[in-house]
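Right, one structure below, let's go through it.
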Amino acid sequence: MTIALGRVTKEENDLFDIMDDWLRRDRFVFVGWSGLLLFPCAYFALGGWFTGTTFVTSWYTHGLASSYLEGCNFLTAAVSTPANSLAHSLLLLWGPEAQGDFTRWCQLGGLWTFVALHGAFALIGFMLRQFELARSVQLRPYNAISFSGPIAVFVSVFLIYPLGQSGWFFAPSFGVAAIFRFILFFQGFHNWTLNPFHMMGVAGVLGAALLCAIHGATVENTLFEDGDGANTFRAFNPTQAEETYSMVTANRFWSQIFGVAFSNKRWLHFFMLFVPVTGLWMSAIGVVGLALNLRAYDFVSQEIRAAEDPEFETFYTKNILLNEGIRAWMAAQDQPHENLIFPEEVLPRGNAL
């Protein structure tokens, strides 16, 4: 009995191979398979944002001016969220709300859902791009894994939080001042600064900035003198065969400063990766909790004592009162459709608070 072994011949012009060859070709700007998701979504997200901030009003959704055309500047322009009455509608241009009318679609806040969803997929495409390139040049995928932190924050804040609330209306609008207002909203309605997940997020981001500054300064301080160049950047010569800086010297320096120091480059750099990414993920988890209206720390005993004793006050009780002021002022402004009416004595008085 004879068994013939051989390869199955593929067509020379196989469509997949042609596309793979073109997409992954070495060019100035790598495209790749991930680019099929990244580039269109990033183009539409940025294009929608520039269009909205330039031309589109928020009068119909928030009663606000939000475009350059209406007199806003870069800090005050925004692509605003849809009205609360539209709940979690995807607001498709051809959907029942806009019915194919582009002007009506913009007035209803359709650009916000357009930018948010395309932006989320663009970020995912960018992470896939890092996976794809890492595989192509045989690198570990830690860059892509690290980028999951910003993606988690974006998705939790712009998508999951409003999904847990009554509609997209309660998500942040895409603008600088709009984001600031959302932060104030988070503080007033969720006491966000006292949330342990926010604390871990702040520790991660600021700790990463500190680590980055210390690491950069230490490397600069311990660069080898490898030539007669006039400046520090001589040491960045890519043809240099040996390592650029002295880990031993850096370890000795920080051992004397703190009593402890990293003695292993891999552990040092993993720690620099771990701190900010963990901080971002903790913040994202905290925002998911807020979507479900989970509360931050409540020191009820201090609130009760402050209510009983006018002379007893802590920074916590002062902040609780400030949060009440934010809620009283913001709720009526942001949700006029609720017809919220607060007695005059509980409302802040002008700029005096």
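Each Cβ is built from the backbone N, Cα and C atoms, and glycine gets one as well.
What Swiss-Prot lists as N-acetylthreonine is Thr2, and the listing cites similarity to another entry.
Residues or ranges marked as phosphothreonine in Swiss-Prot (evidence: similarity to another entry): Thr2.
As annotated by Swiss-Prot, transmembrane segment applies to 41-61 (among others), with the evidence given as sequence analysis.
Over all protein chains present, the Cβ of His118 (chlorophyll a ChlzD2 binding site) has 20 other Cβ atoms lying within 10 Å. In the three-state DSSP reading, His118 (chlorophyll a ChlzD2 binding site) counts as helix. According to Swiss-Prot, the chlorophyll a ChlzD2 binding site annotation covers His118.
What Swiss-Prot lists as transmembrane segment is 125-141 (among others). Long-range contacts of the transmembrane segment (125-141) within its own chain (CB-CB distance under 8 A, at least 6 residues past either end) are made by residues 24, 30, 32-35, 37-39, 41-42, 147-148, 151.
Non-local neighbourhood of Gln130 (pheophytin a binding site): Pro141, Asn143, Ala144, Phe147, each in the same chain, at least six residues away, with C-beta under 8 Å from its C-beta. According to Swiss-Prot, the pheophytin a binding site annotation covers Gln130, Asn143.
Beyond the ends of the transmembrane segment (153-166), by six or more residues, the same chain brings 81, 84, 87-88, 116, 119-120, 123, 172, 280, 283-285, 287-288, 290-293 to within a C-beta distance below 8 angstroms of the stretch. Under the heading transmembrane segment, Swiss-Prot lists 153-166 (among others), citing sequence analysis as support.
Annotation comment: Swiss-Prot describes His198 as chlorophyll a PD2 binding site. Reduced to three states, the DSSP call for His198 (chlorophyll a PD2 binding site) is helix. The Cβ of His198 (chlorophyll a PD2 binding site) has 22 other Cβ atoms within 10 Å, all protein chains considered.
The annotation transmembrane segment is assigned in Swiss-Prot to 208-228 (among others) on the grounds of sequence analysis.
When secondary structure is read from DSSP and collapsed to three states, His269 (Fe cation binding site) falls in the helix class. Here Swiss-Prot flags His215, His269 as Fe cation binding site, drawing on sequence analysis.
Here Swiss-Prot flags 279-295 (among others) as transmembrane segment, drawing on sequence analysis.
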Same-chain residue ranges lying at least 6 outside the transmembrane segment (279-295) that approach it to Cβ under 8 Å: 148-150, 152-153, 155-157, 160-165, 186, 190-192, 195-198, 200-205, 207-208
Around the Cβ of His269 (Fe cation binding site), the count of other Cβ atoms that are within 10 Å: 14
Rounded inter-Cα distance in Å - His198 (chlorophyll a PD2 binding site), His118 (chlorophyll a ChlzD2 binding site): 27
